[in-house]
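Heads up, the thing below is written out as structure tokens.
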6 protein chains.
Amino acid sequence: MKKLRHLKPAGEAVFKDSYTTKARELLEAYSPGMQREIAVVGVPLSKASISHSGASFAPTTIREALQSYTTYSGEEGMEIADRIIDFGDIYMNPTDVTQNQERITEGLTDVFATETAGNWMILGGDHSISYSSIKAFAEKKTVGVIQFDAHHDLRNTEDGGPTNGTPFRRLLEDSIIRGENLTQIGIRDFTNSGAYDEYAKEQSVTVYTMADVDRLSLNQILEIEIQRLAKVVDVIYLSVDMDVLDQAFAPGCPAIGPGGMDSKTLLKGILFASHYEKVQAMDIVEIDPTIDFRNMTSRIAAYVMLQFIKGKRMDDGGGTQKGL
Amino acid sequence: MKKLRHLKPAGEAVFKDSYTTKARELLEAYSPGMQREIAVVGVPLSKASISHSGASFAPTTIREALQSYTTYSGEEGMEIADRIIDFGDIYMNPTDVTQNQERITEGLTDVFATETAGNWMILGGDHSISYSSIKAFAEKKTVGVIQFDAHHDLRNTEDGGPTNGTPFRRLLEDSIIRGENLTQIGIRDFTNSGAYDEYAKEQSVTVYTMADVDRLSLNQILEIEIQRLAKVVDVIYLSVDMDVLDQAFAPGCPAIGPGGMDSKTLLKGILFASHYEKVQAMDIVEIDPTIDFRNMTSRIAAYVMLQFIKGKRMDDGGGTQKGL
Amino acid sequence: MKKLRHLKPAGEAVFKDSYTTKARELLEAYSPGMQREIAVVGVPLSKASISHSGASFAPTTIREALQSYTTYSGEEGMEIADRIIDFGDIYMNPTDVTQNQERITEGLTDVFATETAGNWMILGGDHSISYSSIKAFAEKKTVGVIQFDAHHDLRNTEDGGPTNGTPFRRLLEDSIIRGENLTQIGIRDFTNSGAYDEYAKEQSVTVYTMADVDRLSLNQILEIEIQRLAKVVDVIYLSVDMDVLDQAFAPGCPAIGPGGMDSKTLLKGILFASHYEKVQAMDIVEIDPTIDFRNMTSRIAAYVMLQFIKGKRMDDGGGTQKGL
Amino acid sequence: MKKLRHLKPAGEAVFKDSYTTKARELLEAYSPGMQREIAVVGVPLSKASISHSGASFAPTTIREALQSYTTYSGEEGMEIADRIIDFGDIYMNPTDVTQNQERITEGLTDVFATETAGNWMILGGDHSISYSSIKAFAEKKTVGVIQFDAHHDLRNTEDGGPTNGTPFRRLLEDSIIRGENLTQIGIRDFTNSGAYDEYAKEQSVTVYTMADVDRLSLNQILEIEIQRLAKVVDVIYLSVDMDVLDQAFAPGCPAIGPGGMDSKTLLKGILFASHYEKVQAMDIVEIDPTIDFRNMTSRIAAYVMLQFIKGKRMDDGGGTQKGL
Amino acid sequence: MKKLRHLKPAGEAVFKDSYTTKARELLEAYSPGMQREIAVVGVPLSKASISHSGASFAPTTIREALQSYTTYSGEEGMEIADRIIDFGDIYMNPTDVTQNQERITEGLTDVFATETAGNWMILGGDHSISYSSIKAFAEKKTVGVIQFDAHHDLRNTEDGGPTNGTPFRRLLEDSIIRGENLTQIGIRDFTNSGAYDEYAKEQSVTVYTMADVDRLSLNQILEIEIQRLAKVVDVIYLSVDMDVLDQAFAPGCPAIGPGGMDSKTLLKGILFASHYEKVQAMDIVEIDPTIDFRNMTSRIAAYVMLQFIKGKRMDDGGGTQKGL
Amino acid sequence: MKKLRHLKPAGEAVFKDSYTTKARELLEAYSPGMQREIAVVGVPLSKASISHSGASFAPTTIREALQSYTTYSGEEGMEIADRIIDFGDIYMNPTDVTQNQERITEGLTDVFATETAGNWMILGGDHSISYSSIKAFAEKKTVGVIQFDAHHDLRNTEDGGPTNGTPFRRLLEDSIIRGENLTQIGIRDFTNSGAYDEYAKEQSVTVYTMADVDRLSLNQILEIEIQRLAKVVDVIYLSVDMDVLDQAFAPGCPAIGPGGMDSKTLLKGILFASHYEKVQAMDIVEIDPTIDFRNMTSRIAAYVMLQFIKGKRMDDGGGTQKGL
Ligand SMILES: [Ca+2]
Ligand SMILES: [Ca+2]
Ligand SMILES: [Ca+2]
Ligand SMILES: [Ca+2]
Ligand SMILES: [Ca+2]
Ligand SMILES: [Ca+2]
Ligand SMILES: [Ca+2]
Ligand SMILES: [Ca+2]
Ligand SMILES: [Ca+2]
Ligand SMILES: [Ca+2]
Ligand SMILES: [Ca+2]
Ligand SMILES: [Ca+2]
């Protein structure tokens with residue numbers, strides 16, 4: 001059969017450099033029996049948000065943003081050659097939010113049970129998905145959580161059900177994690193209520209405000225906290241709410257504001273944390289692509305993923321890497 | 001092996017109604033030996049445009065817009081059940097525009113030579129692609145062309161090479177089609193120069209202005225012209241420059257302006273023309289999704305495709321269909 | 001006490017013409033014992049939508065759009081002097097969609113039970129709210145429904161629960177209205193599935209497609225249908241899905257497309273229908289202000305409200321009004 | 001001296017077709033002693049607007065939009081060969097609105113006094129400029145005015161000074177024009193107050209609502225009114241407030257709304273009116289380019305200018321032109 | 001009387017957390033006899049701007065942005081419990097800019113004379129309003145001014161009247177403040193003219209450029225200047241032109257540019273300054289919400305207000321607060 | 001002849017401060033015989049870009065952005081009084097990209113040959129233009145290049161021809177510059193491939209990553225590199241790809257991403273480099289105004305130009321300037 005000249009599949013990228021691999025090409029659809037260092041799952045739920053949110057589109061836009069990156073870290077002279085297992089997205093029912101949240105736990109329980117990967121990246125969705133995700137992750141292990149967030153997310157559930165303002169309250173109340181094992185970093189002024197600040201204290205949650213981050217440096221905080229947690233938990237889960245960043249850097253979060261972290265600090269922090277073996281899962285939440293500018297916030301998320309992967313592939317312990 | 005609960009492939013539509021088929025599902029990637037009534041090919045070239053144009057994105061957005069339509073025509077009580085062969089897109093080199101134009105002719109020559117379909121839909125790209133497409137289409141047959149356009153596209157090629165302002169000039173000069181076999185519909189006032197109006201007359205091109213369309217009705221014009229052309233050509237090719245539409249209806253064309261056709265008239269006209277057996281090809285060009293509003297213009301293009309398909313599937317001769 | 005010079009309440013309109021009343025000033029918050037010809041209620045639910053929708057913002061933007069209109073109809077030389085009772089909005093829980101739908105029925109049942117108004121305008125929200133609203137409206141009366149829509153909204157409920165694609169299916173299945181008493185106007189080609197077209201026929205739903213509207217005229221259709229329904233029902237409810245309009249006129253609906261009605265036709269139709277005494281309720285749904293252009297679609301909605309009110313205040317029977 | 005290869009002046013259009021003249025090239029900066037059929041002046045005032053308006057940018061965007069048109073009318077086979085005198089713009093002081101309004105009258109008085117042109121096109125700016133412009137125009141002649149507008153613009157001046165809501169009130173009160181010599185076309189429902197409708201009647205202003213336009217046709221109205229006015233005034237001035245158009249056609253006016261005129265009707269009407277010798281001036285106002293979509297509304301304005309020019313260059317009397 | 005189920009007032013926030021107070025709830029409309037620590041007044045004037053500006057909308061958007069903040073400072077463990085008196089906005093005449101400026105002085109004179117608050121926040125509007133505001137503030141006291149600005153705002157008034165480029169020139173020329181008592185911080189390169197730099201020197205105005213800010217730190221500059229001014233004036237007024245910020249942080253100012261301050265520095269500076277008892281007034285100007293991205297700049301303004309309030313409520317003297 | 005009151009040329013800025021000169025006024029169209037310190041040329045080519053790019057509009061928007069700056073540096077107390085020669089733009093053929101690239105070399109060869117200026121600023125366009133520009137610049141001199149870029153731009157040319165990904169590869173392969181004489185600053189992680197990193201090493205290109213910049217400071221790197229290069233080359237050419245900046249600062253580059261330089265660092269670096277006499281040329285590329293926010297990126301480019309000019313006009317050697 002004669003080949004048709006110049007034809008390519010619909011939608012495929014027009015340009016391909018023979019010597020360059022795009023990070024998106026690392027994604028490989030899951031099939032049973034696979035064994036990789038890293039896997040990814042999308043959780044497109046945002047109807048649980050208090051405010052109008054299109055965060056359900058983020059699993060798609062973050063994957064697309066990987067197309068803007070290569071697999072090569074020049075800073076380390078390191079090629080990310082291993083494929084990443086992509087389990088796809090959890091199916092969401094259009095009208096039943098609470099059933100969706102159970103469905104996430106069920107789906108991720110099955111995903112984690114495959115044991116095909118040593119490390120997991122969960123792409124939200126709004127922050128409510130972290131409850132379901134951590135619940136699945138904590139079924140067989142004691143979990144410590146490091147939450148990057150401008151907000152405590154410790155709201156009561158009476159006022160609106162299991163929203164994106166409540167995941168960590170619910171995890172504590174349902175004894176899925178212990179307050180001592182929850183660290184919140186980047187909590188911002190005039191962005192939380194005194195009642196929940198108080199609740200965090202009562203529950204022995206460790207809280208670093210933005211002033212703390214500015215004073216101590218993020219990596220120093222992470223070092224302290226990961227070493228503390230590593231002694232008492234089996235695994236550490238990073239929960240990255242993108243609104244921990246200043247609005248100038250992450251314009252696509254529903255709850256934007258000034259006074260937050262810059263993106264370079266976060267990127268360096270994720271790399272630093274990822275070096276630790278016990279850090280085995282990370283979610284990225286609260287990116288609403290419908291209100292973003294040029295998918296900037298999804299681009300940061302994709303970079304966060306690459307830093308996490310890179311950290312896992314470097315031998316040293318977190319203090320000697322060449323840089324960002 | 002145990003099935004993972006609730007997982008679906010990344011990016012797949014969240015909601016699926018079991019009783020509804022989306023028009024996009026009609027598209028089926030080409031493989032040799034197929035035989036269908038209709039085939040589609042994308043031609044993502046817009047670097048040949050005089051003005052800055054992102055029409056190269058339109059093959060993708062038009063296919064996506066088919067996702068907004070079902071396969072069912074309630075007006076006719078007709079289900080479009082046959083699949084459409086999708087040959088994908090012609091590959092475009094980033095820097096060599098004229099080579100790309102030859103590549104289109106080569107690629108489409110190979111596509112047409114498969115004879116897998118009786119009717120062809122070509123998705124541009126800018127209007128320059130019609131030269132390459134019609135050249136391929138005319139290799140073995142005498143072709144008549146009905147061009148929907150605000151512009152003659154009969155510019156000289158000295159001033160800028162083979163741009164989107166020149167396709168029909170080049171087809172005439174290269175004797176690929178004869179002036180008598182070219183009909184232009186929708187030519188707008190203060191949108192062309194006297195020199196090219198004169199050239200059209202010299203070449204015996206048949207021209208219907210927008211005033212003609214408003215006075216005579218599009219379907220009456222089409223009836224006259226298709227019957228006239230059918231006597232002297234083997235096949236008729238519709239070239240649909242979306243800027244034949246008024247800017248209020250097609251906000252995503254590079255050359256928008258008032259005083260044009262409304263979309264309903266065009267949609268009815270395409271259905272009418274498609275009934276005729278000799279009408280066997282259609283291109284849709286000059287949609288720039290990067291400047292459109294909510295892909296409105298690509299949505300019209302997808303509807304135009306469906307009208308073309310519907311016309312091919314109706315038995316009667318064009319005068320008795322129930323409606324739009 | 002000395003008055004402070006030049007101060008006005010925060011947010012109040014800067015300019016006030018002493019001889020002009022804005023339509024928004026007609027709105028008067030409900031208090032028990034009121035008696036008016038017209039009342040309005042907002043239903044800000046859009047989490048029941050199949051696709052991402054911000055229709056929950058529309059009750060606010062439509063009320064704001066009333067600020068762009070005056071209370072005076074020059075066509076009729078008529079001043080709308082009576083106030084409109086504004087019951088405010090039904091409170092929506094952030095995470096429980098189905099409970100919200102029951103809440104709408106409960107809230108509207110209470111509202112209708114006040115009997116403070118003879119005619120009701122319900123501002124959605126997505127189309128799922130019409131189930132809840134009509135259910136409340138039909139508690140004590142036999143209701144006929146005239147639905148303006150590009151879609152049947154007769155989807156099965158298994159695939160996604162009680163979404164904005166299912167309200168009329170659920171009304172029929174729950175025997176809240178009878179198929180004979182449902183008229184659908186503006187149903188568009190390639191926008192519904194054959195299965196639901198068939199279902200409509202089985203249920204004796206009366207369907208007018210856009211081709212029917214173009215051929216017969218909307219007012220003629222309305223005359224036939226209202227007179228037919230008036231014989232068999234106590235009251236008639238108009239359900240106005242704004243996507244019955246062409247995308248060029250209503251750019252802010254989630255499901256936009258070409259081939260629809262123009263806004264002037266709809267506006268004239270609502271006026272015509274409103275003359276009939278049995279037409280006592282109307283909802284306006286499927287406007288998503290977050291994707292609209294300059295609130296154009298909410299502006300039409302506000303005009304639709306005014307036409308409904310004007311119709312109620314004119315003496316003649318629908319055939320002799322001077323015009324739009 | 002050696003010519004530098006390939007250099008062209010900064011900002012000049014990249015592409016130039018040797019056989020095409022752009023309408024913008026017709027503009028020729030004024031110098032004393034010129035004599036042409038048509039002249040244009042810009043009046044960039046919009047701080048007199050009741051609402052926030054960037055109409056001061058419109059003289060620039062309308063001139064730029066002429067670049068999208070050629071000088072050739074294919075409908076008439078007519079080339080517009082004569083140059084148009086461009087007097088530039090009236091200088092506006094940043095903080096003194098009322099002084100600006102006097103300045104417009106002074107500047108235009110000087111412009112008209114040059115008698116370099118037989119016909120004048122004034123580009124606003126908001127509608128307040130029509131007061132100043134017509135005042136200058138009426139200094140030596142009796143003027144009849146045909147106003148295309150959704151609004152009467154007959155507001156009292158106590159409530160906000162000489163705004164864009166008051167020009168025709170002020171012209172009547174200052175006896176610059178007589179009520180009998182003012183015709184308003186396109187007045188829309190729920191867009192004016194009864195008090196001003198009454199005032200119009202008291203002043204013997206002739207008013208055609210949109211319902212009148214839909215019923216009688218614009219050209220028929222124009223024929224009646226121009227013939228009536230021609231008997232009693234020296235010259236007729238067209239004042240074209242773009243918001244006479246429906247929002248779907250003119251998205252860039254501050255006061256948009258549905259229920260208005262379509263652009264083709266207006267374009268035909270201007271051509272029709274321009275045939276009459278006594279029609280010697282036209283202003284175009286209320287286009288705010290900062291809120292428009294792709295300068296659509298300025299594009300219509302440029303076309304309106306060309307229709308005005310074309311009408312002046314055709315010999316016949318308005319009833320026999322071939323078309324738009 | 002039976003309560004209607006689920007109804008809430010139109011437009012009220014859908015979600016309310018019982019344990020959280022939003023900063024916007026602090027605002028309490030003024031009535032005579034009130035006594036509070038802080039009061040706010042809006043001054044919606046932007047027609048005095050040299051360039052097109054919608055800063056008149058900022059009093060509304062800044063108040064709305066307070067809805068994005070809570071009343072609780074976690075950094076200090078402090079709840080802002082006291083209400084803020086909201087005097088509303090100064091009424092602006094649509095056409096008389098200079099009269100508006102007098103009106104601001106009159107209105108604020110009355111407001112200040114109520115002595116209901118010890119500290120005042122004035123929300124502009126463009127920077128021209130600072131002349132009127134400081135004039136009212138200086139009627140009975142000697143005022144020192146610390147101006148955050150990229151520009152001197154010392155233009156002559158001949159070229160355009162009392163614009164937003166002239167407030168401090170006019171204050172000096174009218175002897176309302178003395179040059180020695182004016183400190184300008186953040187003056188940017190290539191953003192002012194030599195003539196006005198010279199004028200500042202002649203008038204003994206103290207100027208810190210952005211290079212000074214980068215070298216010395218903002219808080220150090222503030223400490224020096226407040227202590228210096230405190231010795232010679234009764235009260236200090238902060239005038240915060242948001243364009244002192246870099247365009248990356250404050251995208252909604254009319255005169256954006258690179259090379260400015262980041263928002264965190266400004267926020268810390270306002271807190272620092274507010275500790276001083278003599279700092280008793282602050283205006284925030286030059287935010288144009290119509291060109292902003294997601295109201296980012298208004299969000300910073302609301303945070304600036306909260307920092308000002310927080311500073312007033314902390315006991316210590318400015319050097320020991322825990323941080324931003 | 002009597003002067004017409006209040007008239008000004010069309011399009012001229014409304015406001016003019018008599019004591020302020022705008023930087024744009026420095027531009028003076030070239031005519032033979034001129035002799036100035038600085039000249040500028042525009043190169044509006046972006047069809048050579050791999051991705052869709054409107055960088056061809058940047059020469060116009062950057063010149064316009066100069067209108068937002070004055071000619072006065074307050075940091076140095078220095079007025080830029082000398083005019084800048086503006087050679088206009090190189091003419092670009094619409095369809096022949098490779099011919100355009102030759103045309104750029106020819107045009108710039110002629111421009112440089114005039115020797116009217118000692119220093120040159122070239123405004124792109126995409127980065128492909130640097131090949132053509134440096135080729136012309138290197139005709140009679142040995143050239144060292146300092147490239148600010150997130151990318152190596154050392155791609156092979158087989159995969160897409162001479163795109164914006166290849167200029168430095170082509171310069172090396174064509175022996176126009178030597179690898180030792182090329183310094184790349186700002187190279188970002190996951191943004192290049194290992195193959196090209198390797199190629200850079202093989203060619204002895206000096207590479208500073210963003211981690212290097214963060215660690216060493218840009219000015220220190222520049223000092224080392226300029227002193228190194230100055231010993232071996234005749235002149236140094238700065239090639240400024242704006243995507244070296246973080247996306248938060250330069251939102252208008254086609255290839256945006258986080259992790260880059262902030263704008264203040266770049267501005268200071270350009271000033272520093274410009275002090276060196278051997279630094280005699282600079283291009284600014286990869287700004288696409290069609291996707292920018294409020295022309296922020298062009299505004300930075302204009303400031304970069306002013307820093308370059310300022311550096312040339314300061315006597316000292318780069319270490320003692322007062323600041324930015
Ligand atoms: Ca969170
Ligand atoms: Ca958060
Ligand atoms: Ca064409
Ligand atoms: Ca065309
Ligand atoms: Ca519906
Ligand atoms: Ca619908
Ligand atoms: Ca008007
Ligand atoms: Ca008007
Ligand atoms: Ca200022
Ligand atoms: Ca300023
Ligand atoms: Ca580059
Ligand atoms: Ca680059």
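Note that Cβ sites are derived from N, Cα and C of the backbone, with glycine treated the same way.
Record features, source TrEMBL:
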- D:His127, D:Asp149, D:His151, D:Asp153, D:Asp241, D:Asp243: Mn(2+) binding site (BINDING)
Close-lying binding-site residues around ligand 7 among D:Asp149, D:His151, D:Asp243, where CB distance stays under 6 Å = D:Asp149, D:His151
Request  = Name the secondary structure element type, per DSSP in three states, that contains D:Asp243 (Mn(2+) binding site).
outcome  = helix
Ask   = For D:Asp243 (Mn(2+) binding site), what is the tally of other C-beta atoms lying within 10 angstroms of its C-beta?
value = 28
Query = Just checking, which of D:His127, D:His151 (binding-site residues) has the fewest C-beta atoms within 10 Å of its C-beta?
reply = D:His151
Task = Determine, for the Mn(2+) site, the additional residues of the same chain whose CB lies within 8 Å of the mean position of the CB atoms of D:His127, D:Asp149, D:His151, D:Asp153, D:Asp241, D:Asp243; present them in sequence order.
result = D:Gln147, D:Ala150, D:His152, D:Asn164, D:Val244, D:Ala255, D:Val285, D:Glu286
Note = For D:Asp241 (Mn(2+) binding site), the nonlocal same-chain Cβ neighbours (under 8 Å, six or more residues apart) come out as D:His127, D:Gln147, D:Phe148, D:Asp149, D:Ala150, D:His151, D:Asp153, D:Cys253, D:Val285, D:Glu286
Ask   = Tell me, how many other CB atoms lie within 10 A of the CB of D:Asp149 (Mn(2+) binding site), whichever protein chain they belong to?
value = 26
